[in-house]
């Protein structure tokens, strides 16, 4: 049987490339920066422009499909995931990087049907790296097949995480205490490039062994999640249970052994789900 979603994926790859052009062009100009949920949660006119471009283009071609977009949700739309084919879009993952010219900025497009990830695209605009993953077909970066590492020993692992955009002292305390606990196991190190999507792609590429974070949103992980699993990795909840796209937390790991060990070590931050009011 023909793959019903391949055409959607091909179209999304083209759109992600076009969105990357807009992002690169915008970096040459003065930008208008706005603040969302905290002084460190930033949005620019380019985020809004790219999301509008992506959703408008996809809606024209696939009018019956649903959408969850970071900037649409910020403007008051709900992020409710149904069984309908749904595009989950982060127009610029790494807005703070974008604002500062720090060179890790991604366009992320995830496509979910019956609440299951079908394909994901993460385009690293300044590196010109197009990461793609399609259910059952593998994960690639610029056409090269991706494969996770085989590192199961946490003491020999390189992890990726972020400090997040919350500036609430208690949340910051938990984030830093989790990092301290992991570093002192010890492990080889902790890195972070400032975007959830690219951190996950680094796990898919075998450059890092696992990524964990709490406080992310569905649009941060919907594109990269399937890239990780198609590269041979696993997605788990930070409790060690099954991954839930709307839960705002994830461990993306090269293997389950490492993911479960991370889950055992970290303290959980209480968060409101993406699909709660």
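Glycine is treated like the rest: Cβ placed from N, Cα and C.
What Swiss-Prot lists as substrate binding site is 70, 92, 93, 94, 95, 194, 195, 196, 213, 220. There are 27 other CB atoms within 10 A of the CB of residue 195 (substrate binding site), with all protein chains counted. DSSP gives residue 195 (substrate binding site) a coil state; it is part of no helix or strand.
In the shown protein chains, 25 other C-beta atoms lie within 10 A of the C-beta of residue 70 (substrate binding site). What Swiss-Prot lists as Mg(2+) 1 binding site is 70, 90, 92.
Here Swiss-Prot flags 90, 93, 220 as Mg(2+) 2 binding site. Taking the Cβ of residue 90 (Mg(2+) 1 binding site) as reference, residues of its chain lying under 8 Å away and at least six apart in sequence are, in sequence order, 69, 70, 106, 107, 108, 197, 217, 219, 220, 223.
The feature phosphothreonine is assigned by Swiss-Prot to 168. Residue 168 (phosphothreonine) falls within neither a helix nor a strand when secondary structure is assigned with DSSP, and so counts as coil. In this view, residue 168 (phosphothreonine) is surrounded by 11 other Cβ atoms within 10 Å of its Cβ, with every protein chain counted.
Put simply, the two farthest-apart Cα atoms among 70, 92, 93, 94, 95, 194, 195, 196, 213, 220, the recorded binders of substrate, are 18 Å from each other. Around residue 220 (Mg(2+) 2 binding site), taking its Cβ as the centre, 27 other Cβ atoms fall within 10 Å, counting all chains. Neighbour count (other Cβ atoms within 10 Å of the Cβ, all protein chains): 30 for residue 92 (Mg(2+) 1 binding site).
The two recorded residues, residue 93 (substrate binding site) and residue 168 (phosphothreonine), have Cα atoms 22 Å apart. The binding-site residues considered are 93, 213; of these, 213 has the fewest other C-beta atoms within 10 angstroms of its C-beta. The subset of recorded positions (168, 195, 213) lying with their Cα within 10 Å of the Cα of residue 92 (Mg(2+) 1 binding site) consists of 195, given in sequence order.
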